[in-house]
Structure formats: structure tokens, C-alpha cells
Amino acid sequence: MTSSIQEPSQEVRHALKASLKQRKGSRAIRIIGPFTPLALLVIWEFASRFGWVDARFFPAPSSIFSTFVELLQSGVLMDHTVISLVRILVGFTLGAIPGVLVGVLLGSLEWARILFEPIFASMLPIPKITIYPLLMLIFGLGETSKWLIIAIGVFFTVMFNTLGGVLQTNLLLFDVAKANGANPWQQWAGVALPSALPSVFTGLKLALGGSFVVLAASEYVGSQSGLGYMIWSAWSTFSVSKMYVGIVVISVLGYCATSLVSLAQRLLVPWARR
Amino acid sequence: MSHVSISHLWKVYPSHHDGDAVIALKDVSFDIDEHEFVCVLGPSGCGKSTLLRIVAGLESADYGHASTHGRPSVVFQEHGIFPWKNVEDNISYPLALRHAPRSERKAVVDRLVKMVGLSGFERFHPDQLSGGMKQRVSVARALADNGAILLMDEPFGALDEQTRVTLQQELLTIWEETRKSVLFITHSVDESLILADRIIVMSGRPGHILKDIRVPFQRPRSLAAIRRDPEYARITDELWTLLDQSQAESEEEAAR
């Protein structure tokens, strides 16, 4: 049997053209998509200038930007930013390292999991920021209490994600290791740890996002420095533009920090990318 | 001298439904000689994988014992290759565990990669490989382990038919070169006839040996030649009759 390709009829041609046109339309939307935040800023600018919204609460983006430049030139913004970043860095490290270690340990040793997981699980639902006053009582208003409150939040997120990752390990891979004569250490380092790594990174990213929330909150109440303090003090002096600058800077820092962890994940866990 | 010796092996599992235990293996005994290729053929759930796991030392027997003269190397049903290692590092994994020198690892990888037809893929990661290639890596890893006995648990069961036939043929070639003692688990009548010197036919629930059949085909074998051999049809028929019987028996057992 032979078949020949037939020319499409007039009707089919119309339908195909219409369909192509439709797809072009959706492509245009896709191109515009990333720029809609800019449009929002433009609308905000005009709304604020023409008094459509209350400029005391929603100052024009251009005036927020000039406040940003002022704060930058005076060095105030830089000081607060560096102080906040150091707090994040120290607190995050103090929480993440024990988080990974305890997570892998509980995941690998069944008796440890049975004995100790309930302790951590019972403490998990405590909103970590609620114990900040206690930490301030014990450690004072200095840096230690801020490092610790960030570290505690990070620890729980990282620990439970790591534990979950270890428990999800394909049991066949342990069989392969055992059948090839791997000792317990080789099973742990060669199978459990790499299997857990994708979950570890999920935990690290979540924890990092959370640590910026805790940072801001701790700087609101117990501090004379940092971006959180800057936002809070702007409230008491009613410099709303300064508040917005603080909000934007914290958001950008959080975004950059999370992107850094994502980059590390792509480099260290390339097999989980695809 | 026998290379694998299995005598009066029993294994029970607690039942999910009631208090009674499920007998996975019932008084299983057989030997595998040096250089012998033995297939264990049986329906799914007849305990044949349990049998292999006991021989591999991954599970213990409840009664009787399995011993091997020399170390076994295992190929699992689902390849079980490490997603974070490339082909080369997966193959040389057993050597890395033993801290073998780099030069030795490289020599072994070079030889095995050629043997299993993966030349040029040394640096590839598992997610870039097809199912058949992953199983080749898994076979090469077991060969790198270089145990005296090769234990294979339905290694080609999860592959499509064309890939399976290709790998069977390649396994035959490799076996001609290495002449290892092999315990090969399968549920495929065809596969067991193509590969084995002896076929141990097992029945399900409780898993026990129905018959021990010697396969007469000349080696080196070719699939095409075996299929034309009149003995092929006769033994195929015999194997299916045995399996049908055991199926009927276990259905009776289940009905009671």
C-alpha cells in the first residue's frame, strides 16, 4: 500500500494559521512577564506623586531610592548590613553543622533515633523566636543571644531534612555496599551521606530563609545595630523611606544568600539536578 | 569440588494476615561446581531471591546453611549503581573499598569497560545511561569485585526484550572468558535454557526444589543455534509443565 502526503485543504490551513497566531500571542506574554514588577514600580511612582495613595505610607520609589543613596553615602547602611550579615553567618554555621551531623547520626543509628528523635520532635513546634527573651536573660543583649536564636532555628530545619534524606536512602544501595564488603563507616560515608545530600541542601536553603526572619525579629527588640534595628528605629522616627530601604536590602541579601547555597548545591550534588 | 553448597536451607517470615509464619524456603539443598552456570527458575514469590541473599550473606538462614568456597560477587535486579558516581567510579567501587592502588583500578576499569561494551562512557553519570547500560555497569562492577562466584538476581528482568537478549549473549561471551561459577536467578524459561548448565526448578509457597535439570547444549552457545535444537523444544515443554504444576499446587494451597 502506498500513501502520498496531501496538500492541506483551505480549512486546515486556516486552522493552522490561527493556531500559530495564538501561540505567538502567548509568547508575547512570556516576554512581557519578567517586566511586570517594573510596571508596578512605575504605577506606584505615579500613584504616590499624584496622591492616589497616601505618600506617608507609600513614598514614591524615586524618593526611597534617594534615601538609599543617602544612607549608603553616610556609611550607615553599610555598617548595619555588615553587622547583620556577620550575625547570619555565625548563627547559620553554628546551627547547620550540628544539624547535619545529628541528622545523619539519627538516620543511621536506629537506637539513637528511637531514643532521641522524640526529644527533637517535641521541641520542633516551638516557634523558636519565642525563646529569645530567655536567651537574652541568660546571655545578655550581646551577639551571643542573636547567634544562638538563629542557630537554633537553623538546627531544627537542617536536622529534620537531613534525617529525612538519610531515611529515604535506597536500601538496595546499602545491600550493594554490604555485598562488596563495605564496613559500617564506608556504608555511612559512602552511601548514607551522599544519599542525604539533596535533602541536606533543601534544609539549608529553607533554614537560610528562616534565619533572615529570626535575624530581623531579634534586631527589632534586642539591638542597637543591624538592618532589623534600622527598620525598627525608622518606625519610631517615622522615616518610612528608610524602612523601605531596610526591607529591600534584607530581601536582596536573603535572595543572594539562598542563591549561593543553590550554586553550592549544583556543584556538590550534580546528580540531583536532573 | 563444589563452589557453592546449600544444604537443608529453611527460611520463614512472619505473616501479615495471621499468626502463621510464611515458609519462604523449604528444605532447599543443591551444590554448584566450579565453573558451573546454574539457573534457579521459579515463579515470583518462590523465595529464589531470598535464596540468593542468603548465599550472598545479606540474610541469614533459619535452618541449614549455605556456604561458598571463595567470595561471591553480586549483581542485583535493579542495577543499584550509585547515582553520584560516574561509570568508571561505579565499576571500580569494590576496588576503592579495598583501597586498591589507582593504577590497578584504572587497569581493571579499562579491561571491563571494553568487556561490557561501555568504551567511551567512562565519565558518564548514571542518569545519562539507558537501562541496559546501567545493568552493564552493574555486571562490570561485580566482575571488578572478582569474587570466585557470581550471584545474579534476575539482572535482566527489568529490561526490554531486545536489550535482554543482547545482554544474555554478552554474558555468555564474558562467561566463556572468565568461567566463574554462577548462581543466576530468573523467572524466564528461555533465559535459563540459554544460559545454564543446570536448571534448578523451584515451586512457590513454600519455596522448594521441584527438579534439577541438566541442559545439554554445547558451548560456546549461540541463541539462534539453541533455538533450532530439537532438545530446546523438549526441555522448554518439560519446564513449563513443571511450572504449571507448581502453579496449580500453590493455588490449591492458597484456596485451602
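Each Cβ is built from the backbone N, Cα and C atoms, and glycine gets one as well.
Curation does not apply to TrEMBL; its annotations are automatic.
Note that the structure is a prediction, hence the values are computed from the model and not measured.
The domain 'ABC transmembrane type-1' annotation in TrEMBL covers A:81-265.
Marked as transmembrane segment by TrEMBL: A:28-46 (among others).
As annotated by TrEMBL, transmembrane segment applies to A:85-107 (among others).
For A:119-140 (among others), the entry in TrEMBL reads transmembrane segment.
TrEMBL lists A:147-167 (among others) with the feature transmembrane segment.
The annotation transmembrane segment is assigned in TrEMBL to A:187-208 (among others). Within the same chain, residues 88, 92, 95-96, 99-100, 103-104, 107-108, 153-154, 157-162, 164-166, 168-170, 173-174, 177-178, 254, 257-258, 261-262, 264-265, 268-269, 272 sit at least 6 positions outside the transmembrane segment (A:187-208) and bring their C-beta atoms closer than 8 Å to a C-beta of that stretch.
As annotated by TrEMBL, transmembrane segment applies to A:244-264 (among others). Same-chain neighbours of the transmembrane segment (A:244-264): 59, 64, 67-68, 71, 77, 80-81, 84-85, 88, 201, 204-205, 208-209, 212, 216, 227-228, 230-231, 234, counting only residues six or more beyond its ends whose CB sits under 8 Å from a CB of the stretch.
Taking Cβ pairs closer than 8 Å, the transmembrane segment (A:147-167) reaches residues 87-88, 90-92, 94-96, 98-100, 102-104, 106-108, 113, 117, 120, 123-124, 128-129, 131-132, 135, 139, 192, 195-200, 202-204, 206-208, 210-211, 214-215, 218 in its own chain, all 6 or more past its ends. Residues 52-53, 58, 60-62 of the same chain sit 6 or more residues outside the transmembrane segment (A:28-46) yet have a Cβ under 8 Å from a Cβ within it.
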